[in-house]
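Asks: Got a structure for you, questions after.
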Amino acid sequence: MGCGMSTEEKEGKQRNEEIENQLKRDKLMQRNEIKMLLLGAGESGKSTILKQMKLIHEGGYSRDERESFKEIIFSNTVQSMRVILEAMESLELPLDDQRAEYHVQTIFMQPAQIEGDSLPPEVGNAISVLWKDAGVQQCFQRSREYQLNDSAKYYFDSIDRIAAPDYIPNDQDVLRSRVKTTGITETTFIIGDLTYRMFDVGGQRSERKKWIHCFENVTTILFLVAISEYDQLLFEDETVNRMQEALTLFDSICNSRWFVKTSIILFLNKIDRFKEKLPVSPMKNYFPDYEGGPDYAAACDYILNRFVSLNQHETKQIYTHFTCATDTMQIRFVMAAVNDIIIQENLRLCGLI
């Protein structure tokens, strides 16, 4: 009887080799694949960061893609004016020029979703006239008292361009457009030798229970906080301060048993709006232990320390950046720094350093 391997044994050996080779390939792929989880409360800027990644690493948006944002931008603009006009009623603020009442009715007659290739001329004209009204401006200055999109002023100031029949959205128009994220979206980018898989999850409270258990093996968490919202209340619960909510959420993520070995990068975002607000809306009104007055650097230090001090793990480092997610040049620089951090973390996780 010969001592050669049976056909069955040969097939078994071949299968084992195939499995081992696949495992080696998977490990190599894993080393070059970065899973990044984007977290933060609603409207903190997560989707804007994803748009920036497309602009920076994929050469931006094609004409067709820009065209596809038009209806979102029209709807955002009209809806923002509607929100201000409704707030004027509840705050009992009259129009400065009562002749503009005709334009108020034009806005209220528009559907929630504006459809079509161009904004109707009467709607563009109504927004242009109303935005110049002193009563509307007074209500806008009190926007922390109601729920208004960050992009409102930008779109109102650009209304003549947006309402033009041949309008094509530019990069800033696209970056500032707002669609509520529900569920989990995955976006893939190639940066150098690395493949980034970025997961964006809905920031509103109702979405959060879907988060944690799905993402135990992510490389990095990018956590965004809109620091300009220190004086605002939650969209979902107008008894809760937005910054307090962000602190609570960061505490739960930073100290979660699921993310003990996961590096966390903290973007303290919307610094442009934060700087504008500090002189007119004292932070001490909302955080009584803050003593820095309207000083921008002192306010930044205070907020940074409030977040970083929540970390209960001595060995876990929180990497922090102050950001303006709509500023492409700044985000390009910050994301390059983030990329360096992630490469180091990835090498460490793979046991190569």
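Cβ from N, Cα, C; glycine included.
Pulled these features from Swiss-Prot for this protein:
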- Glu43, Ser44, Gly45, Lys46, Ser47, Thr48, Asp150, Leu175, Thr181, Gly203, Asn269, Lys270, Asp272, Ala325: GTP binding site (BINDING)
- Ser47, Thr181: Mg(2+) binding site (BINDING)
- 32-353: domain 'G-alpha' (DOMAIN)
- Gly2: N-myristoyl glycine (LIPID)
- Cys3: S-palmitoyl cysteine (LIPID)
- 35-48: region 'G1 motif' (REGION)
- 173-181: region 'G2 motif' (REGION)
- 196-205: region 'G3 motif' (REGION)
- 265-272: region 'G4 motif' (REGION)
- 323-328: region 'G5 motif' (REGION)
Asks: May I ask which residues of the same chain, at least 6 positions away in sequence, place their Cβ under 8 angstroms from the Cβ of Gly45 (GTP binding site)?
Replies: Leu224, Ala226, Phe267, Asn269, Lys270, Thr323, Ala325
Asks: Other than its own, how many Cβ atoms are within 10 Å of the Cβ belonging to Ser47 (GTP binding site)?
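Replies: For Ser47 (GTP binding site), the count of other Cβ atoms within 10 Å is 22.
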Asks: For the binding-site residues listed here (Glu43, Asp150), which one has the lowest count of neighbouring CB atoms within 10 Å of its own CB?
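Replies: If we count Cβ atoms within 10 Å for the binding-site residues Glu43, Asp150, the smallest count is at Asp150.
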Asks: Averaging the per-residue pLDDT over the region 'G5 motif' (323-328), what integer do you get?
Replies: 94
Asks: Ranked by the number of other Cβ atoms within 10 Å of their own Cβ, which of the binding-site residues Thr181, Asn269 ranks first?
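Replies: Of the binding-site residues Thr181, Asn269, the highest Cβ count within 10 Å belongs to Asn269.
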